[in-house]
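Copied over from Swiss-Prot:
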type     : residues : note
COMPBIAS : 71-80    : compositional bias 'Basic and acidic residues'
CARBOHYD : ASN20    : N-linked glycosylation site
MOD_RES  : SER64    : phosphoserine
MOD_RES  : SER93    : phosphoserine
REGION   : 61-88    : region 'Disordered'
SITE     : TRP41    : site 'Seems to be involved in pH gating'
TOPO_DOM : 1-22     : topological domain 'Virion surface'
TOPO_DOM : 44-96    : topological domain 'Intravirion'
TRANSMEM : 23-43    : transmembrane segment
Amino acid sequence: MSLLTEVETPIRNEWGCRCNDSSDPLVVAASIIGIVHLILWIIDRLFSKSIYRIFKHGLKRGPSTEGVPESMREEYREEQQNAVDADDGHFVSIEL
């Protein structure tokens, strides 16, 4: 029983590929998709934390305050802080 597959065949003491239809557009497209998938997977593994952080929080860190008077900016900051402080009351301390 041989361990050789249909693709791998010994040719004159070397291993070769018996792929006569490798110029088929479907084979070429599948190869390109496979290579792109591999590259994207490697990039994802290397930079996953920074990529997901960008998608989660976006590139901006909040609404633009350009052209807004300082008094309105301060009022907005206070409203945001009050909203955060109000949410603290929703947490329940469970002691076992």
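Placed from the backbone N, Cα and C atoms, the Cβ positions cover glycine too.
From a predicted model like this one, the values you see are computed outputs, not experimental measurements.
Packing against the transmembrane segment (23-43) from elsewhere in the chain is no residue: none 6 or more residues past its ends has a CB under 8 Å from a CB in it.
In the predicted structure, the topological domain 'Virion surface' (1-22) carries a mean pLDDT of 55. Counting every protein chain shown, 10 other Cβ atoms lie within 10 Å of the Cβ of TRP41 (site 'Seems to be involved in pH gating').
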